[in-house]
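Report on the structure given below.
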Amino acid sequence: MRVGGAFHLLLVCLSPALLSAVRINGDGQEVLYLAEGDNVRLGCPYVLDPEDYGPNGLDIEWMQVNSDPAHHRENVFLSYQDKRINHGSLPHLQQRVRFAASDPSQYDASINLMNLQVSDTATYECRVKKTTMATRKVIVTVQARPAVPMCWTEGHMTYGNDVVLKCYASGGSQPLSYKWAKISGHHYPYRAGSYTSQHSYHSELSYQESFHSSINQGLNNGDLVLKDISRADDGLYQCTVANNVGYSVCVVEVKVSDSRRIGVIIGIVLGSLLALGCLAVGIWGLVCCCCGGSGAGGARGAFGYGNGGGVGGGACGDLASEIREDAVAPGCKASGRGSRVTHLLGYPTQNVSRSLRRKYAPPPCGGPEDVALAPCTAAAACEAGPSPVYVKVKSAEPADCAEGPVQCKNGLLV
């Protein structure tokens, strides 16, 4: 009993000394993820017990602790001693760090760190010394925000095809997470659930696969594959690239064209063009057939031996190519009595007379019997229709030979 009572008395006597200490308010360790270029306040508020007020001075130190155990060292970059503020041995921090309070001895040893750089990533420790010492650590991780990503699509946006939505950020501290969201257009339960998932990209992928197989991850983290697309997939899709300190977005549009409808339209157009082509060919064939018969006859008539009414044929047809004895005269459709021999025979008068002169020139004097040219008038020939025309050659008398060439009348020998 005496031993226990003595030990209890000792604890009572020593308790004021054990309780008198510097205490820093807040958690013992804090972890911060900060963006490059930001400003941050590293807190270190402290309190002193009444027993701590004494002749001993107050010392405050801020140091950067290397987390690598092999190179563990402490670099004091800011301190307060003997009521003076001192900058330490880190030049890259001297212009960017200061105490938050003008007088750190007033129970606040917090500091402001400005324009953070990725190289500022480290563990920062605050130490407050009086009769005793208290410490507090803050782990600072400085990262670059994701760069503005690029969004684009690969694949033909036609009904039933597969389309890949691509998203890529060229800058930003790793790890980067990619998420897609449909921000306009048709929304369906399985689409909305997968797009609005708050999980990271990889866990979101398994969440999608459990609902619908048409959404898959591509070869890269920022790829989203839409399989067997339809008009229900039309809309704007937003890609969000994020890390611990920020995010950036880009938007791409999906507009599916119905290839079946396009095929029907193309078929209708081609069918219409084919029908018009066939109609044009048919009309051209009919025109050629009609013009071919009349043209051939006209061509023959132009030379005086066709059945049609050619230029040279006039109203007469089926004229022989040359005049023979006992040849049948062609039919004549002369309109009046004034028709000339050209309309009877189908030849111009001068040509007939020249032909008769050459072919039926009078025989030499004293030749065979006399031949007379049978008279024929245009009116008689036209009224009677085709009739034989006989050409008789009359032998010239000796007196005629003496007188000269036989006289002609109206292009015929008389």
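Positions of Cβ are set from backbone N, Cα and C atoms, glycine also.
Quantities reported herein were computed from a predicted structural model and do not represent experimental measurements.
Swiss-Prot lists 22-141 with the feature domain 'Ig-like V-type 1'. For 22-263, the entry in Swiss-Prot reads topological domain 'Extracellular'. Taken from Swiss-Prot, the feature disulfide bond applies to Cys44-Cys126, Cys167-Cys239. Under the heading domain 'Ig-like V-type 2', Swiss-Prot lists 146-257. Per Swiss-Prot, transmembrane segment is recorded for 264-284, and the stated evidence type is sequence analysis. The feature topological domain 'Cytoplasmic' is assigned by Swiss-Prot to 285-414, with sequence analysis given as support.
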Taken over the topological domain 'Cytoplasmic' (285-414), the predicted model's pLDDT averages 49
Would you mind reading off the Cα separation of Cys167 (disulfide bond) from Cys126 (disulfide bond), to the nearest angstrom? 43
Distance check, please: Cα of Cys44 (disulfide bond) against Cα of Cys239 (disulfide bond), rounded to an integer number of angstrom. 40
Calculate the distance in Å between the alpha carbons (Cα) of Cys239 (disulfide bond) and Cys126 (disulfide bond), and round it to a whole number. 41
For the domain 'Ig-like V-type 1' (22-141), what are the DSSP-based totals of helix, strand and coil residues? 13 helix, 60 strand, 47 coil
Same-chain residues six or more away whose CB lies under 8 A from the CB of Cys126 (disulfide bond)? Ile24, Leu42, Cys44, Ile60, Glu61, Trp62, Ala109, Thr135, Arg136, Lys137, Val138
Report, as a single number, how many Cβ atoms besides its own are within 10 Å of the Cβ of Cys44 (disulfide bond). 26
